[in-house]
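These features come from Swiss-Prot:
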type	residues	note
BINDING	Ala5, Ile6, Gln7, Phe8, Gly9, Gly10, Gly11, Asn12, Ile13, Gly14, Arg15, Gly16	NAD(+) binding site
ACT_SITE	Lys213	active site
Amino acid sequence: MGKKAIQFGGGNIGRGFVAEFLHEAGYEVVFVDVMDAVVSALQTTPSYNVTEVSKDGENTKTISNYRAINSKTNESDAVKEIATADVVTCAVGPNILKFIAPLIAKGIDARTESKPVAVIACENAIGATDTLHGFIKEHTPKDRLDTLYDRARFANSAIDRIVPNQPPNSGLNVRIEKFYEWAVEQTPFGSFGHPDIPAIHWVDNLEPYIERKLFTVNTGHATTAYYGHLRGKKMIADALADDEIRSMVHKVLDETASLIVSKHGIPEDEQKEYVDTIIGRMSNPYLEDNIERVGRAPLRKLSRKERFIGPASQLAERGQKFDALVDAIEMALRFQNVPGDQESADLAQILKQKSSEDATSELTGLEKDHPLYSPVLERVAKVQQDTK
């Protein structure tokens with residue numbers, strides 16, 4: 001029998017990042033999703049194209065050898081597939097992990113294979129596989145928890161690839177940045193060895209990769225979007241062509257770089273080169289990366305361990321500079337009532353209805369005695385005053 005991977009989420013990242021590399025590694029990919037239109041398209045289309053875009057041009061790959069299951073209507077089929085899979089991946093968004101966990105738990109529990117399935121969450125969040133693992137344990141029979149490790153191994157990952165808004169009428173085809181990074185922990189697999197997926201960079205300690213990526217790529221991307229939005233820019237590349245915005249992004253990434261260098265021992269010149277590469281990637285006009293797409297979901301992006309409060313809080317605890325990050329947090333607070341983004345409307349309501357103290361606590365999760373709390377509280381109050 002050939003190798004089989006289950007991919008939860010048939011969206012652009014699922015099709016255009018995860019499935020691309022699973023396909024190239026020789027896996028049959030079984031997509032699991034609840035969106036009728038996505039599942040139907042995958043079931044009726046034998047192949048789709050992934051077009052990698054860089055400043056040097058475009059390269060198109062054809063992806064085939066996949067199936068799709070609607071877990072809303074065919075849960076038992078999805079359970080059977082997981083029970084015989086080699087790998088389970090997901091790209092559904094961190095907030096959806098709790099909804100896919102019961103199904104994955106059933107599939108794992110039904111396994112009779114001697115080799116455990118590899119479970120890898122591919123989300124923009126620190127420790128996403130750990131989070132999924134926790135939810136799966138909640139849905140595993142108590143008398144089976146002790147042997148869960150025999151049936152599944154869970155490895156955190158760090159993913160990095162820009163997937164811009166897609167052109168209209170693209171169908172299943174995906175335009176995506178050529179650059180990518182996919183780092184995954186190898187230690188959980190022990191003597192069984194990790195899955196054979198050449199695109200993955202297998203590492204012993206993932207935290208430096210996750211924090212470097214989240215606090216450089218995601219922080220830089222979102223900072224560009226929030227400054228750009230306030231100045232009426234439409235595309236990320238347009239925003240970075242503005243010298244003032246580019247300068248602000250550099251200042252933010254200088255601060256996160258100081259954290260990454262001091263905490264993880266990454267050489268300063270290596271981190272500087274990484275930052276320059278990231279800004280170069282985001283400046284690529286061929287990606288047509290929309291500012292509202294990058295800025296959406298500000299509540300999640302302002303939360304405690306995310307791209308702004310995460311690094312700023314650690315810098316504050318270490319007595320290091322975090323001024324530019326606080327400026328960026330203010331810009332994120334101003335991303336309100338953007339059409340098509342519910343979180344930006346919710347943000348506006350929180351700032352309108354709550355006191356500065358309550359809003360700061362709810363939005364950031366910071367403790368009132370934290371050294372970052374007061375500087376952020378000042379910005380919350382300022383934005384509330386400006387938007388009355």
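For all residues, glycine too, the Cβ spot is worked out from N, Cα and C.
Overlay of Swiss-Prot annotations on the structure.
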| residue | record | DSSP class |
| --- | --- | --- |
| Ala5 | NAD(+) binding site | strand |
| Gly11 | NAD(+) binding site | coil |
| Lys213 | active site | helix |
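A gap of 17 Å separates the Cα atoms of Lys213 (active site) and Ile13 (NAD(+) binding site).
Of all the binding-site residues listed (Gly9, Gly11), Gly9 sits in the most crowded Cβ setting, with the most other Cβ atoms within 10 Å.
With all protein chains in the displayed structure included, the most crowded Cβ environment within 10 Å among the binding-site residues Ala5, Ile13 is that of Ala5.
Local packing around the recorded positions Arg15, Lys213 was summarised as the count of other Cβ atoms within 10 Å of each Cβ; on this measure the leading residue is Arg15.
Of all Cβ atoms in the protein chains displayed, 27 besides its own lie within 10 Å of the Cβ of Gln7 (NAD(+) binding site).
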